[in-house]
Amino acid sequence: MLEVNLPGLQLKNPIIPASGCFGFGKEYAGFYDLSCLGGIMIKATTNEARFGNPTPRVAETSAGMLNAIGLQNPGLEHVLNHELPWLEQFDTPIIANVAGSQVDDYKEVAEHISQAPNVHALELNISCPNVKTGGIAFGTDPVMAAELTKAVKEVSAVPVYVKLSPNVANITEIAKAIEAAGADGLTMINTLIGMRLDLKTGRPILANKTGGLSGPAIKPVAIRMVYEVSQAVHIPIIGMGGVQTAEDALEFLLAGASAVAVGTANFVNPFVCPEIIEQLPRVLRQYGFQSVSECIGRSWKHEKQPAHHRA
């Protein structure tokens, strides 16, 4: 009922913790068996270790949070020698998030990390809003996005998914350029750029001034973008942005996503992913669906039937 097959990814269910909200899984392994997850999107990995942005770099908002972590990570060598081998104990495919400042940085990380035995796909991070070079610079220009995608595809041993930024005028144009460059799938959306001010000082709360807005506040934006992009491309989408419940996950599937990543909600409730997995079959049946594949893109597909007419 819950199985989903995507390029490189045979998922037992469509629920995946999102990169940047799950580390490398060690904190959450103390709460539940990570083998129950459809997959795991690990923390963004760069060639060299990064300390990230100065603090403060997290701020709560009324319906989510702002972060300006700045791709803090232990670097490629550490991830290959320690984090990925530790994750081999779990029966779930790993999606490695690859980041960098230049095309060669991405290629270096992609070539090596894609050869790890438990890495089944790459997530190309071209949409981080909190770094000064690389990151979102690639994700806001269709030509640059396509060139980077093509370069990484040439060296990767596994399928490549590209993470899209919502901070663009036309996300569909970016998506189509990335598809044409050979991407195997898309993940979307990354965070929206936002800011909070300290009323006492009149200054931005975050040391970076701006940060990425995530959580329930961005879900309507994410749903709209998945809905639009899924009709314009022929590669699968892993949807994300404000997912907290099985009902939220179903909404993304109906919009056109083939799987769903859960991000900020992990900070609020460490059990959120297994809870959604447990509740999803009931929610699917409640709305007349017998499988995940049956409801993907249902909101826009022309051959629509009322739920009570389906077998």
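Glycine residues also receive a Cβ, built from the backbone N, Cα and C atoms like all the rest.
Site annotation for FMN in Swiss-Prot covers Ser19, Lys43, Ala44, Asn97, Asn125, Lys163, Ile189, Gly241, Gly242, Gly263, Thr264, and the matching candidate from Gly70, Gly215 is Gly215. Listed recorded positions near Gly241 (FMN binding site): Thr191 (candidates Lys43, Ala68, Gly70, Cys128, Thr191; Cα-Cα distance within 10 Å). Among the recorded positions Ser19, Asn125, Cys128, the ones whose Cα sits within 10 Å of the Cα of Thr191 (substrate binding site) are Cys128, in sequence order.
Neighbour counts were taken as the number of other C-beta atoms within 10 angstroms of each residue's C-beta; across the binding-site residues Gly70, Gly241, Gly263, the minimum falls on Gly70. Secondary structure at Asn125 (FMN binding site), taken from DSSP and collapsed to helix, strand or coil, is strand.
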